[in-house]
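> Provided herewith is a single structure, encoded as C-alpha cells, for subsequent inquiry.
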Amino acid sequence: MNQLIHGLRLISTVQYSGTDKQWRATRELITVSKQGTAIVWFRRDLRLCDNPALCEAVNNCKSVIPVYIHAPEEEAPWLPGQASNWWLHKSLSALSDSLQHAGSELIIAKGPSLTRLQEIASKTGATHLYWNRLYDPMTQARDSEIKQGMGEQGLHCHSFSSQLLIEPTTLKNKQGTPYKVFTAFWKVARQRLQEMTPPLPPINKLSAPKIPFPSLPLSSLELLSKSAWYNKFETFWQPGERGAHKQWEQFLYNSLPYYDEQRNFPAEEHTTRLSPHLHFGEITPKQLFWTLQHENDQSPGLSQSLDRLSAQLGWREFAHYTLFHFPHTATESMDSRFTKDHWNNSPDSREQLERWQRGETGIPIVDAGMKQLWQTGWMHNRVRMIVASLLTKNLGIHWLEGARWFWDTLVDADLANNTLGWQWTAGCGVDAAPYFRVFNPARQAERFDPAGRYIKTWLPEFSSADSHELINGRQPANNRLSYPLPMLDLQKTRKQTLERWQRIKTMPKPPAPH
C-alpha cells in the first residue's frame, strides 16, 4: 500500500521525482528556441498537471495566456445545470489560484468563443492557440468552427488528447464499425493501453504576456444561482485540482482494499467519488489508470480491486466512445423501437415524476437516493440504477426525464455518462440491461443496505425503524411516521413492464440514424 501511495505522489505532487528517466529525457530534448505567444484555451481541463495543451504551449512559446470563455449557449440543448455551475465556479477559482502561484493569471471572458478568442489574439499578438479536445457533439462542431476561424486569422491551432485514455476514432471492430458491447471494446482498449506513456508533470512556472488582456471577475459569470440550494455541497466536496488529488489519495489509502467487495454498498465510503473531478478535468483518467496499472505488480493482494476500478474507467471510455459515434443518443434511444409513444404519457405521469424528483415515492431506498442527490449533488451508483429502473420501467416514464433531472442536480453531470447510464438501465441503449431486468427496490435494499444505514442517513424519520419497515416502507411505519405510502405496486408494475418490453422486443428494428 505504501508503494501505491508513492506511485500516486509521483504523478500528482508539485515537485516531480528525479527518478523518472523518461521525463528527464523529454526535458533534455526541449532545446528549441521558444517563439511567439500562445493562448491556452481551458475548458474541461481545469488543472496544471498532465495537461498536454498547457505543456506544449509552455515548451514552444515565449509566453502563455490562460483563457476560460463562458459560453453555455454553445452546449445547447444540454446547458450546464445548477449543480455543475456550482462546481465550475469553485473549480475556476482554484485554477485561478494555481495560475497566480505559477506567475500567471486566468483570463475570464464570456462567449461567443470564436469572437473572444479572436479579440484576445488580436490585442495580445498571440500566434498560437492550444486546447485539449472534447468529444460531445456540440463541442466538436464548435471546435471545428474555431479551428477554421482562428486559422483564417493567421494563428496556428493545436489540439491534444487528454479527456480520454484512447481517441474514439482509433477503435473499430473487424467490420470497421464502432463497438456496441463493452466487453469487446474494453478487451481491445486494454491491449492498446499497454503502450501508454506516463502522465505529464505539473507546470509550476508560466511567463506572462507583455501585453495583458483584461479579465472579467469570476462573479460576472453568475454561476451561483440565487436559490443557493447547493449550500451543503461544500460539506461534501473540494472542487479543484488539489481537491481531486486529495480525494484520490484518500481513496487509495482507505478504500481501495475494500473496493471490489464493497463498492455496491451505498452506506460504505468505498467508491472513489472522483466523477466530478474527472468531468471538469481536475484529474485525468491517465493519471488514475497509470497509478492502478503500475502498482498492480507491487500489490498482488489488491489485484481484484485494481482490475475492477480499471474497468470502471473503461466504462467511462465506452460512454464517451458511444456518444462520439452515435451522437443522436444524447436525445434519442439507441434502440429506435423505443419511440415517444412507448413511454408513459398519462395525466398522472407528471405528478409521478415530481414525487420521484422530491424523493416522495414511498419506497425508502429510492427516496433516500433522491434525498442524497438533492443534498450533496451526488448519488451512489448502485442507487442510481435503482431509482432509474423505478422511473423508466415501473413507472414507464421516458429516460430523458430522469436524465434531465440528474443533469441539473448532479455535480458530476456528464453528457456521455448520463446518457449511457440512463439508456442502459431503461434497456434501450448499447449493451443495455436486459428488458426483463427490473430492479426490485426492496430486494436491492435488503442485499446492499441490510442494516438500513444508508436509508437512515437520508431519511431520518426511519432512525428507529426496524429492517422490515426500512426495506418496504410499509405499515406500521406509515402510521407512525409522516412518510408517504408507496405510490405504486411494484409487482403489478413489473408485470406491466415485462408485457410492454415483450411487445417492443418482437418489433423489427429500423435502422438507427448516423
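Heads up, the Cβ atoms here are built off N, Cα and C, so glycines get one too.
Because TrEMBL annotations are produced automatically, they should be read as predictions rather than curated entries.
TrEMBL lists these features:
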DOMAIN    36-165  domain 'Photolyase/cryptochrome alpha/beta'
BINDING   TYR259, THR271, THR272, ARG273, LEU274, SER275, ASP412, ALA413, ASP414  FAD binding site
SITE      TRP343  site 'Electron transfer via tryptophanyl radical'
SITE      TRP399  site 'Electron transfer via tryptophanyl radical'
SITE      TRP422  site 'Electron transfer via tryptophanyl radical'
> Nearest to TRP422 (site 'Electron transfer via tryptophanyl radical') in three-dimensional space, by Cα, is which of the binding-site residues TYR259, THR272, LEU274, ASP412?
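Nearest by Cα distance to TRP422 (site 'Electron transfer via tryptophanyl radical'): ASP412.
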> Around the C-beta of TRP343 (site 'Electron transfer via tryptophanyl radical'), how many further C-beta atoms are within 10 angstroms, looking at every protein chain?
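Cβ-Cβ neighbours of TRP343 (site 'Electron transfer via tryptophanyl radical') within 10 Å number 20.
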> Distance check, please: Cα of TRP399 (site 'Electron transfer via tryptophanyl radical') against Cα of TYR259 (FAD binding site), rounded to an integer number of angstrom.
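That separation, Cα to Cα, works out to 29 Å.
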> For the C-alpha pair, I'd like the distance in angstrom between TYR259 (FAD binding site) and TRP343 (site 'Electron transfer via tryptophanyl radical'), rounded off.
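On Cα coordinates alone, these residues lie 37 Å apart.
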> Looking only at the domain 'Photolyase/cryptochrome alpha/beta' (36-165), what are its DSSP counts of helix, strand and coil residues?
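Each residue of the domain 'Photolyase/cryptochrome alpha/beta' (36-165) counted once, the result is 61 helix, 28 strand, 41 coil.
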> For the FAD binding site, please report the maximum Cα-Cα distance among TYR259, THR271, THR272, ARG273, LEU274, SER275, ASP412, ALA413, ASP414 in Å.
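Max Cα-Cα spread across the FAD binders: 23 Å.
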> Please classify the secondary structure at TRP343 (site 'Electron transfer via tryptophanyl radical') using three-state DSSP.
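Assignment for TRP343 (site 'Electron transfer via tryptophanyl radical') reads coil.
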> So, three-state DSSP: helix, strand or coil for TYR259 (FAD binding site)?
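Where TYR259 (FAD binding site) sits, the three-state DSSP reduction gives helix.
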> Using a Cβ cut-off under 8 Å and a sequence separation of 6 or more, which residues in the same chain sit near LEU274 (FAD binding site)?
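Counting only residues 6 or more apart in sequence, the Cβ neighbours of LEU274 (FAD binding site) under 8 Å are ALA244, GLN247, TRP248, PHE251, ILE283, LEU288.
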> As a test of the contact definition, list every same-chain residue at least 6 positions from THR272 (FAD binding site) whose Cβ is closer than 8 Å to its Cβ.
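Same-chain residues close to THR272 (FAD binding site) (Cβ under 8 Å, separated by 6 or more) are GLN247, TRP248, PHE251, SER255, LEU309.
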> Looking only at Cβ atoms, how many others are within 10 Å of the one on ASP412 (FAD binding site)?
22
> With an 8 Å cut-off on Cβ-Cβ distance and a minimum sequence separation of at least 6, pull the same-chain contacts of ASP414 (FAD binding site), or say none.
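Long-range Cβ contacts: SER275, HIS279, ALA319.
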> Quiz question: given the recorded positions TYR259, TRP399, which has the greatest number of C-beta atoms lying within 10 angstroms of its own C-beta?
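Checking each of TYR259, TRP399, the winner is TRP399.
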> Compute the C-alpha separation of TRP343 (site 'Electron transfer via tryptophanyl radical') from ASP412 (FAD binding site), stating it in Å without decimals.
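About 27 Å separate the Cα atoms of these two residues.
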> Reduce the DSSP letter at TRP399 (site 'Electron transfer via tryptophanyl radical') to three states and note it down.
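Going by the DSSP assignment, TRP399 (site 'Electron transfer via tryptophanyl radical') falls within a helical segment, counted as helix.
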> At a 10 Å cut-off from the C-beta of TRP422 (site 'Electron transfer via tryptophanyl radical'), count the other C-beta atoms across all protein chains.
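Summing over all protein chains shown, TRP422 (site 'Electron transfer via tryptophanyl radical') has 25 other Cβ atoms within 10 Å.
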